[in-house]
Amino acid sequence: MAALACRAMEELRGSLYNEFHTSEGAKRQQQRFCGPGVALTFNFVVSVGIIMANKMVMGSVGFNFPVALSLIHYIAAWVLMAVLRALYLMPIAPPSKSTPFSSLFALGAVMSFSTGLANISLKHNSVGFYQMAKIAVTPTIVAAEFILLKKGVSFRKVITLVIVSFGVAVATVTDLEFNFFGACVAIAWIIPSAINKILWSNLQQSGNWTALALMWKTTPITIFFFLVLMPVMDPPGLLAFNWNFNNSCAIMISALLGFLLQWSGALALGATSALSHVVLGQFKTIVIMLSGFLVFKSDPGLTSLYGAVIALGGMSVYTYLGLKESTTGGKSIPSTSRQSSLSLKSKVIIDGEKPETRPVDSV
(Lines of atoms letter the chains of each structure in order from A and count residues from 1; the text may use other names and numbers.)
(Lines give C-alpha, C1' and ligand atoms only; values in the text may rest on other atoms or scores of the structure.)
Protein backbone atom coordinates (compact mmCIF):
# COMPACT_ATOMS: atom_id res chain seq x y z
CA MET A 1 0.00 0.00 0.00
CA ALA A 2 2.81 2.40 0.89
CA ALA A 3 4.56 1.58 -2.37
CA LEU A 4 1.39 2.31 -4.35
CA ALA A 5 0.91 5.62 -2.52
CA CYS A 6 4.51 6.64 -3.23
CA ARG A 7 4.11 5.70 -6.88
CA ALA A 8 0.88 7.73 -7.12
CA MET A 9 2.57 10.74 -5.51
CA GLU A 10 5.51 10.43 -7.89
CA GLU A 11 3.18 10.29 -10.89
CA LEU A 12 1.27 13.33 -9.61
CA ARG A 13 4.51 15.24 -9.08
CA GLY A 14 5.67 14.33 -12.58
CA SER A 15 2.33 15.42 -14.05
CA LEU A 16 2.46 18.78 -12.28
CA TYR A 17 6.06 19.27 -13.36
CA ASN A 18 5.13 18.64 -16.99
CA GLU A 19 2.23 21.08 -16.75
CA PHE A 20 4.21 23.98 -15.27
CA HIS A 21 7.89 23.38 -16.09
CA THR A 22 7.85 22.30 -19.74
CA SER A 23 7.08 24.40 -22.79
CA GLU A 24 4.28 22.02 -23.87
CA GLY A 25 2.64 22.13 -20.43
CA ALA A 26 2.94 25.91 -20.17
CA LYS A 27 1.37 26.26 -23.62
CA ARG A 28 -1.54 24.02 -22.57
CA GLN A 29 -2.08 26.09 -19.43
CA GLN A 30 -2.12 29.32 -21.46
CA GLN A 31 -4.64 27.87 -23.91
CA ARG A 32 -6.75 26.53 -21.02
CA PHE A 33 -7.00 29.72 -18.97
CA CYS A 34 -6.63 32.36 -21.70
CA GLY A 35 -8.82 31.58 -24.67
CA PRO A 36 -9.62 34.01 -27.49
CA GLY A 37 -12.40 35.80 -25.56
CA VAL A 38 -10.28 36.35 -22.43
CA ALA A 39 -7.20 37.40 -24.41
CA LEU A 40 -9.05 39.89 -26.62
CA THR A 41 -10.94 41.38 -23.66
CA PHE A 42 -7.72 41.70 -21.65
CA ASN A 43 -6.00 43.43 -24.56
CA PHE A 44 -8.96 45.74 -25.14
CA VAL A 45 -9.14 46.92 -21.50
CA VAL A 46 -5.38 47.48 -21.24
CA SER A 47 -5.30 49.31 -24.60
CA VAL A 48 -7.89 51.81 -23.40
CA GLY A 49 -6.01 52.25 -20.11
CA ILE A 50 -2.65 52.93 -21.73
CA ILE A 51 -4.20 55.50 -24.05
CA MET A 52 -5.31 57.45 -20.98
CA ALA A 53 -1.90 57.01 -19.31
CA ASN A 54 0.09 58.04 -22.38
CA LYS A 55 -2.14 61.07 -22.88
CA MET A 56 -1.26 62.12 -19.35
CA VAL A 57 2.46 61.46 -19.86
CA MET A 58 2.70 63.19 -23.24
CA GLY A 59 0.28 65.98 -22.29
CA SER A 60 0.24 67.16 -18.70
CA VAL A 61 3.63 65.66 -17.78
CA GLY A 62 5.20 66.95 -21.00
CA PHE A 63 7.36 63.89 -21.76
CA ASN A 64 7.74 64.42 -25.52
CA PHE A 65 10.13 61.54 -26.21
CA PRO A 66 8.04 58.74 -27.78
CA VAL A 67 10.88 56.31 -28.51
CA ALA A 68 12.39 56.85 -25.05
CA LEU A 69 8.95 56.17 -23.53
CA SER A 70 8.74 52.91 -25.49
CA LEU A 71 12.25 52.04 -24.30
CA ILE A 72 11.20 52.61 -20.67
CA HIS A 73 8.16 50.39 -21.26
CA TYR A 74 10.27 47.50 -22.54
CA ILE A 75 12.96 47.88 -19.85
CA ALA A 76 10.23 47.77 -17.18
CA ALA A 77 8.73 44.70 -18.89
CA TRP A 78 12.12 42.97 -18.93
CA VAL A 79 12.68 43.73 -15.22
CA LEU A 80 9.23 42.36 -14.30
CA MET A 81 9.86 39.20 -16.31
CA ALA A 82 13.27 38.82 -14.65
CA VAL A 83 11.51 38.89 -11.26
CA LEU A 84 9.05 36.23 -12.45
CA ARG A 85 11.97 34.15 -13.70
CA ALA A 86 13.79 34.46 -10.36
CA LEU A 87 10.64 33.26 -8.60
CA TYR A 88 10.34 30.31 -11.04
CA LEU A 89 7.06 31.71 -12.37
CA MET A 90 8.28 32.27 -15.93
CA PRO A 91 7.01 29.64 -18.40
CA ILE A 92 9.72 27.45 -19.90
CA ALA A 93 10.73 28.29 -23.48
CA PRO A 94 10.86 25.54 -26.14
CA PRO A 95 14.28 24.08 -27.04
CA SER A 96 16.46 26.54 -28.95
CA LYS A 97 16.70 24.20 -31.95
CA SER A 98 12.90 24.31 -32.42
CA THR A 99 12.94 28.01 -33.34
CA PRO A 100 15.89 29.54 -35.21
CA PHE A 101 17.50 32.54 -33.54
CA SER A 102 17.00 34.44 -36.79
CA SER A 103 13.21 34.27 -36.27
CA LEU A 104 13.48 35.64 -32.71
CA PHE A 105 15.91 38.34 -33.86
CA ALA A 106 13.60 39.34 -36.71
CA LEU A 107 10.62 39.57 -34.33
CA GLY A 108 12.55 41.72 -31.83
CA ALA A 109 13.81 44.04 -34.56
CA VAL A 110 10.45 44.38 -36.30
CA MET A 111 8.75 45.06 -32.97
CA SER A 112 11.07 48.00 -32.25
CA PHE A 113 10.51 49.54 -35.67
CA SER A 114 6.75 48.98 -35.47
CA THR A 115 6.43 50.65 -32.05
CA GLY A 116 8.91 53.44 -32.74
CA LEU A 117 7.51 54.38 -36.13
CA ALA A 118 3.94 54.28 -34.76
CA ASN A 119 4.82 56.87 -32.11
CA ILE A 120 6.67 59.05 -34.63
CA SER A 121 3.73 58.82 -37.04
CA LEU A 122 1.30 59.89 -34.32
CA LYS A 123 3.57 62.80 -33.44
CA HIS A 124 3.96 64.17 -36.99
CA ASN A 125 0.54 63.33 -38.48
CA SER A 126 -3.02 64.32 -37.75
CA VAL A 127 -5.23 61.73 -36.06
CA GLY A 128 -7.10 61.20 -39.34
CA PHE A 129 -3.99 60.43 -41.37
CA TYR A 130 -2.68 58.17 -38.60
CA GLN A 131 -5.96 56.25 -38.64
CA MET A 132 -5.76 55.86 -42.42
CA ALA A 133 -2.34 54.23 -41.98
CA LYS A 134 -3.79 51.86 -39.37
CA ILE A 135 -6.57 50.86 -41.78
CA ALA A 136 -3.95 50.10 -44.44
CA VAL A 137 -2.44 47.44 -42.14
CA THR A 138 -5.43 45.14 -42.79
CA PRO A 139 -4.87 44.50 -46.54
CA THR A 140 -1.12 44.37 -45.87
CA ILE A 141 -1.60 41.48 -43.44
CA VAL A 142 -3.84 39.64 -45.92
CA ALA A 143 -1.22 40.04 -48.68
CA ALA A 144 1.75 39.19 -46.43
CA GLU A 145 0.12 36.03 -45.02
CA PHE A 146 -0.73 34.89 -48.54
CA ILE A 147 2.81 35.52 -49.85
CA LEU A 148 4.79 34.30 -46.83
CA LEU A 149 2.53 31.61 -45.34
CA LYS A 150 0.29 30.68 -48.30
CA LYS A 151 -2.66 31.48 -46.04
CA GLY A 152 -5.82 32.56 -47.81
CA VAL A 153 -8.87 34.46 -46.58
CA SER A 154 -12.43 33.58 -47.57
CA PHE A 155 -14.24 35.93 -49.93
CA ARG A 156 -16.88 36.69 -47.28
CA LYS A 157 -14.19 37.77 -44.83
CA VAL A 158 -12.55 39.99 -47.46
CA ILE A 159 -15.87 41.76 -48.10
CA THR A 160 -16.43 42.11 -44.34
CA LEU A 161 -12.94 43.59 -43.81
CA VAL A 162 -13.60 46.10 -46.60
CA ILE A 163 -16.84 47.15 -44.89
CA VAL A 164 -15.10 47.46 -41.50
CA SER A 165 -12.26 49.55 -42.95
CA PHE A 166 -14.74 51.78 -44.78
CA GLY A 167 -16.79 52.30 -41.63
CA VAL A 168 -13.73 53.15 -39.53
CA ALA A 169 -12.51 55.56 -42.22
CA VAL A 170 -15.86 57.38 -42.32
CA ALA A 171 -16.05 57.46 -38.52
CA THR A 172 -12.54 58.70 -37.75
CA VAL A 173 -10.95 60.31 -40.80
CA THR A 174 -12.10 63.89 -40.37
CA ASP A 175 -8.80 65.80 -40.52
CA LEU A 176 -6.61 64.49 -43.32
CA GLU A 177 -3.83 67.06 -42.92
CA PHE A 178 -0.94 66.07 -45.18
CA ASN A 179 2.65 66.26 -43.99
CA PHE A 180 5.31 64.83 -46.32
CA PHE A 181 7.67 63.59 -43.59
CA GLY A 182 4.78 62.26 -41.52
CA ALA A 183 3.34 60.50 -44.57
CA CYS A 184 6.69 58.81 -45.26
CA VAL A 185 6.88 57.64 -41.64
CA ALA A 186 3.28 56.33 -41.75
CA ILE A 187 3.93 54.39 -44.97
CA ALA A 188 7.18 52.99 -43.55
CA TRP A 189 5.29 51.87 -40.43
CA ILE A 190 2.63 49.81 -42.24
CA ILE A 191 4.81 46.86 -43.28
CA PRO A 192 6.67 46.41 -39.93
CA SER A 193 3.34 46.59 -38.10
CA ALA A 194 1.81 43.86 -40.27
CA ILE A 195 4.90 41.63 -40.11
CA ASN A 196 5.09 42.11 -36.33
CA LYS A 197 1.55 40.80 -35.81
CA ILE A 198 2.04 37.90 -38.22
CA LEU A 199 5.28 36.76 -36.54
CA TRP A 200 3.80 36.97 -33.04
CA SER A 201 0.79 34.91 -34.08
CA ASN A 202 2.69 32.39 -36.20
CA LEU A 203 5.49 31.65 -33.70
CA GLN A 204 3.02 30.98 -30.88
CA GLN A 205 0.64 28.88 -32.94
CA SER A 206 3.26 26.85 -34.81
CA GLY A 207 5.46 26.10 -31.77
CA ASN A 208 5.12 25.66 -28.03
CA TRP A 209 5.83 29.30 -27.23
CA THR A 210 3.81 31.06 -24.57
CA ALA A 211 3.41 34.83 -24.65
CA LEU A 212 5.72 35.48 -21.68
CA ALA A 213 8.42 33.07 -22.86
CA LEU A 214 8.49 34.71 -26.30
CA MET A 215 8.55 38.17 -24.73
CA TRP A 216 11.50 37.15 -22.54
CA LYS A 217 13.51 36.06 -25.57
CA THR A 218 12.72 39.03 -27.83
CA THR A 219 12.61 41.98 -25.40
CA PRO A 220 16.43 42.39 -25.14
CA ILE A 221 16.63 42.56 -28.94
CA THR A 222 13.89 45.19 -29.01
CA ILE A 223 15.64 47.24 -26.29
CA PHE A 224 18.87 47.18 -28.32
CA PHE A 225 17.13 48.56 -31.41
CA PHE A 226 15.35 51.23 -29.33
CA LEU A 227 18.74 52.40 -28.06
CA VAL A 228 19.87 52.72 -31.68
CA LEU A 229 16.68 54.49 -32.84
CA MET A 230 16.31 56.89 -29.89
CA PRO A 231 19.09 59.38 -30.85
CA VAL A 232 17.74 59.49 -34.42
CA MET A 233 14.00 59.76 -33.80
CA ASP A 234 13.68 61.57 -30.46
CA PRO A 235 14.37 65.28 -29.94
CA PRO A 236 17.25 66.28 -27.64
CA GLY A 237 16.65 67.12 -23.99
CA LEU A 238 15.83 63.76 -22.40
CA LEU A 239 18.34 64.19 -19.58
CA ALA A 240 17.11 67.74 -18.95
CA PHE A 241 13.54 66.54 -18.33
CA ASN A 242 12.15 67.26 -14.87
CA TRP A 243 12.32 63.78 -13.28
CA ASN A 244 10.45 64.69 -10.10
CA PHE A 245 8.39 62.19 -8.08
CA ASN A 246 5.02 62.91 -9.72
CA ASN A 247 6.39 62.80 -13.27
CA SER A 248 8.35 59.63 -12.58
CA CYS A 249 5.26 57.94 -11.07
CA ALA A 250 3.18 58.82 -14.12
CA ILE A 251 5.83 57.40 -16.45
CA MET A 252 6.14 54.21 -14.37
CA ILE A 253 2.35 53.71 -14.41
CA SER A 254 2.51 54.05 -18.18
CA ALA A 255 5.39 51.53 -18.21
CA LEU A 256 3.39 49.01 -16.15
CA LEU A 257 0.46 49.34 -18.53
CA GLY A 258 2.93 49.02 -21.41
CA PHE A 259 4.04 45.63 -20.07
CA LEU A 260 0.41 44.53 -19.71
CA LEU A 261 -0.33 45.79 -23.22
CA GLN A 262 2.58 43.83 -24.68
CA TRP A 263 1.58 40.70 -22.77
CA SER A 264 -2.12 40.96 -23.60
CA GLY A 265 -1.34 41.69 -27.25
CA ALA A 266 0.88 38.61 -27.42
CA LEU A 267 -1.83 36.50 -25.78
CA ALA A 268 -4.44 37.79 -28.24
CA LEU A 269 -2.21 37.12 -31.25
CA GLY A 270 -1.42 33.63 -29.97
CA ALA A 271 -5.07 32.81 -29.33
CA THR A 272 -6.51 34.28 -32.53
CA SER A 273 -4.77 35.72 -35.60
CA ALA A 274 -3.12 38.88 -36.86
CA LEU A 275 -6.30 39.91 -38.70
CA SER A 276 -8.48 39.43 -35.63
CA HIS A 277 -6.09 41.59 -33.61
CA VAL A 278 -6.31 44.39 -36.20
CA VAL A 279 -10.12 44.20 -36.15
CA LEU A 280 -9.97 44.44 -32.34
CA GLY A 281 -7.86 47.60 -32.66
CA GLN A 282 -10.43 49.14 -34.99
CA PHE A 283 -13.22 48.10 -32.62
CA LYS A 284 -11.33 49.86 -29.81
CA THR A 285 -11.18 53.07 -31.87
CA ILE A 286 -14.93 52.98 -32.54
CA VAL A 287 -15.80 52.22 -28.89
CA ILE A 288 -13.65 55.12 -27.65
CA MET A 289 -15.37 57.47 -30.09
CA LEU A 290 -18.88 56.26 -29.16
CA SER A 291 -18.03 56.43 -25.44
CA GLY A 292 -17.08 60.06 -25.84
CA PHE A 293 -20.41 60.68 -27.57
CA LEU A 294 -22.55 58.79 -25.04
CA VAL A 295 -20.73 59.56 -21.78
CA PHE A 296 -18.98 62.88 -22.33
CA LYS A 297 -21.55 64.32 -24.78
CA SER A 298 -18.95 65.01 -27.46
CA ASP A 299 -20.25 65.66 -30.98
CA PRO A 300 -18.31 63.68 -33.60
CA GLY A 301 -20.91 64.47 -36.24
CA LEU A 302 -23.67 62.45 -37.87
CA THR A 303 -21.38 61.10 -40.59
CA SER A 304 -18.94 59.71 -38.02
CA LEU A 305 -21.78 58.03 -36.13
CA TYR A 306 -23.02 56.39 -39.34
CA GLY A 307 -19.49 55.17 -40.02
CA ALA A 308 -19.24 53.77 -36.49
CA VAL A 309 -22.49 51.82 -36.93
CA ILE A 310 -21.25 50.41 -40.28
CA ALA A 311 -17.92 49.41 -38.71
CA LEU A 312 -19.58 47.72 -35.72
CA GLY A 313 -21.90 45.81 -38.04
CA GLY A 314 -18.95 44.65 -40.14
CA MET A 315 -17.02 43.60 -37.02
CA SER A 316 -20.01 41.58 -35.81
CA VAL A 317 -20.24 39.75 -39.13
CA TYR A 318 -16.45 39.16 -39.14
CA THR A 319 -16.63 37.66 -35.63
CA TYR A 320 -19.54 35.43 -36.66
CA LEU A 321 -17.67 34.19 -39.75
CA GLY A 322 -14.56 33.52 -37.68
CA LEU A 323 -16.50 31.47 -35.13
CA LYS A 324 -18.31 29.61 -37.91
CA GLU A 325 -15.07 28.74 -39.71
CA SER A 326 -13.49 27.67 -36.41
CA THR A 327 -16.43 25.35 -35.66
CA THR A 328 -16.43 23.93 -39.19
CA GLY A 329 -12.69 23.36 -39.03
CA GLY A 330 -13.01 21.58 -35.72
CA LYS A 331 -15.73 19.26 -37.08
CA SER A 332 -13.94 18.41 -40.31
CA ILE A 333 -11.04 16.65 -38.56
CA PRO A 334 -13.09 13.82 -37.03
CA SER A 335 -14.95 13.39 -40.32
CA THR A 336 -11.69 12.99 -42.21
CA SER A 337 -10.33 10.63 -39.60
CA ARG A 338 -13.53 8.56 -39.77
CA GLN A 339 -13.29 8.33 -43.56
CA SER A 340 -9.65 7.25 -43.31
CA SER A 341 -10.57 4.62 -40.72
CA LEU A 342 -13.40 3.24 -42.88
CA SER A 343 -11.22 3.11 -45.98
CA LEU A 344 -8.49 1.34 -43.98
CA LYS A 345 -11.02 -1.19 -42.62
CA SER A 346 -12.37 -1.85 -46.14
CA LYS A 347 -8.87 -2.46 -47.45
CA VAL A 348 -8.09 -4.92 -44.68
CA ILE A 349 -11.31 -6.89 -45.26
CA ILE A 350 -10.66 -7.04 -49.02
CA ASP A 351 -7.20 -8.42 -48.33
CA GLY A 352 -8.86 -11.16 -46.31
CA GLU A 353 -7.20 -10.28 -43.04
CA LYS A 354 -8.68 -9.64 -39.64
CA PRO A 355 -9.32 -5.93 -39.07
CA GLU A 356 -6.82 -4.39 -36.70
CA THR A 357 -8.34 -2.58 -33.74
CA ARG A 358 -6.82 0.88 -33.19
CA PRO A 359 -8.22 4.17 -31.89
CA VAL A 360 -9.23 6.75 -34.46
CA ASP A 361 -7.29 9.47 -32.64
CA SER A 362 -4.02 7.73 -33.38
CA VAL A 363 -4.52 7.85 -37.14
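Backbone N, Cα and C atoms are what each Cβ position is placed from, and that goes for glycine too.
Remember, TrEMBL labels are computer predictions, not curated facts.
Quick look at what TrEMBL lists:
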TRANSMEM  33-53  transmembrane segment
DOMAIN    39-318  domain 'Sugar phosphate transporter'
TRANSMEM  65-89  transmembrane segment
TRANSMEM  101-122  transmembrane segment
TRANSMEM  128-148  transmembrane segment
TRANSMEM  155-174  transmembrane segment
TRANSMEM  180-199  transmembrane segment
TRANSMEM  211-230  transmembrane segment
TRANSMEM  250-271  transmembrane segment
TRANSMEM  278-296  transmembrane segment
TRANSMEM  302-323  transmembrane segment
Contact between the transmembrane segment (211-230) and the transmembrane segment (101-122) (at least 3 Cβ pairs under 8 Å, separation 6+): yes
Contact ranking winner - 33-53, 65-89, 128-148, 180-199 against the transmembrane segment (155-174), Cβ under 8 Å: 128-148
